[in-house]
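> My questions all concern the structure below.
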Amino acid sequence: MTQLQEARKGIITPEMVQAAELEGITGEELRQKIAIGEAVLPCNINHQGLRPMAVGKGLSTKVNANIGTSDAYPELAPELSKLEIAVAAGVHSIMDLSTGGDIDEIRRRIIQDSPVMVGTVPLYQVMVDTHKAGRGLVEMTDDEIFAGIEKHCRDGADFITVHCGVTLEVIQELREQGRVMDIVSRGGSFITAWMLHHQRQNPLFEQYDRLLNIALHYDVTLSLGDGLRPGCLADATDGPQIKELITLGSLVKRAQEAGVQVMVEGPGHVPLHQIETNMQLAKTLCHNAPFYVLGPLVTDVAPGYDHITSAIGGAIAASSGADFLCYVTPAEHLGLPTEEDVKEGVIAARIAAHAADLVKGIKGAWEWDLEMAKARKALDWPKQIQLSIDPEKAGRMRKAKNEDSQERCTMCGKFCAYQLISDYMGTPFKGC
């Protein structure tokens with residue numbers, strides 16, 4: 001049985017117990033959230049050594065890091081290094097988006113080495129394999145699509161992105177309304193090209209029950225991809241995006257009725273004043289299923305700094321209902337991320353997630369900040385470094401800027417606020 005089926009039968013699984021402990025809640029509380037579809041617990045029966053984590057309403061905001069090869073950079077070793085760096089930086093999930101090299105070997109090694117849940121986009125590999133076979137990208141068959149999906153599930157992917165909501169009707173809406181950037185989702189563009197070439201409905205939509213049967217067998221969580229997500233602010237919250245979201249809402253119910261865990265993916269590029277509306281729409285139209293957002297990026301003009309534009313949007317999105325943030329690295333829109341880009345992306349997204357958890361009242365979030373405040377008041381530098389979201393960087397910067405014997409730090413020097421106020425408040429001053 002899947003975690004959803006177990007939850008509906010009143011069974012608290014060992015995975016639920018482990019995930020609940022990380023949240024500071026009981027297994028029964030988590031079971032109830034999973035049973036009604038407001039939380040998912042992605043844990044493929046074939047992913048050995050997984051540390052189960054739940055995603056959903058009332059739980060801490062989770063962060064995903066995308067890694068994976070490209071045709072230009074097909075080597076496995078750098079991606080395993082990125083996995084290690086992301087996990088060390090506190091990521092909760094990894095997605096392997098590989099399109100270069102030995103994709104099967106890369107995916108299997110990432111799943112084998114990852115202690116956190118792993119997601120994939122099977123359609124990417126189907127497209128690559130079709131191209132390698134000397135055929136046009138639109139010449140992949142229905143059977144090849146579903147065989148590719150089953151292979152990823154069999155290998156242990158805990159969740160898979162599937163672009164089931166990109167239908168002929170949604171594409172007609174796009175044609176009628178128009179957009180600045182049309183379709184920026186790789187999976188969405190592949191499916192659209194396939195449908196227009198064959199003049200047929202999306203097989204992932206048309207044969208959705210076939211997909212559900214595969215997911216049910218391996219207890220794979222479906223992540224319903226947003227193929228019409230906006231790729232720029234000008235396209236945000238438009239007709240094609242919302243029409244697809246309505247379609248995804250109906251697919252959420254069908255998955256849950258079949259006993260399959262399901263979450264929904266969201267935008268994208270969204271201006272600040274539209275983010276809360278987008279989160280409310282998604283939660284309402286998709287029956288409070290967990291919502292997984294890329295960013296959202298709040299401006300289009302900051303290549304090289306999109307980990308910042310994403311963190312701004314992510315904090316607002318998560319505080320408004322999003323449950324899962326996909327990181328964005330400084331390399332977004334520019335090229336494949338390096339190991340350092342991966343770490344920066346994870347930390348930026350974790351900052352956004354934590355800022356939102358403070359608003360949502362997640363257990364332990366407020367206490368973390370309070371402990372930092374107390375450490376600062378006490379001028380306890382080792383404690384401050386320990387409590388930092390990135391202790392390595394904080395410690396390195398502290399050491400580079402200050403001598404161990406200094407009474408004050410180099411920011412304020414003899415004008416230290418702590419020393420000044422201690423003279424009048426009677427608080428002992430230890431020095432920095």
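The backbone N, Cα and C atoms fix where each Cβ goes, and this holds for glycine too.
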> Among ASN46, ASN66, ASN213, which residue shares the substrate site with MET95, TYR124, HIS163, SER185, ARG186, GLY187, ASP226, GLY227, LEU228, ARG229, GLU265, TYR292 according to Swiss-Prot?
ASN66
> Say you check the Cα of GLY227 (substrate binding site) against those of the binding-site residues HIS333, CYS409, CYS412; which is nearest?
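If we rank HIS333, CYS409, CYS412 by Cα distance to GLY227 (substrate binding site), first place goes to HIS333.
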> On the three-state reduction of DSSP, what should I expect for GLY187 (substrate binding site)?
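The three-state answer is helix.
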> Would you work out the biggest C-alpha to C-alpha distance among ASN66, MET95, TYR124, HIS163, SER185, ARG186, GLY187, ASP226, GLY227, LEU228, ARG229, GLU265, TYR292, the residues that bind substrate according to the record, and give it in angstrom as a whole number?
20
> Among the binding-site residues ARG229, HIS269, HIS333, which residue has the fewest other Cβ atoms within 10 Å of its own Cβ?
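Ranked by other Cβ atoms within 10 Å, the binding-site residues ARG229, HIS269, HIS333 bottom out at HIS333.
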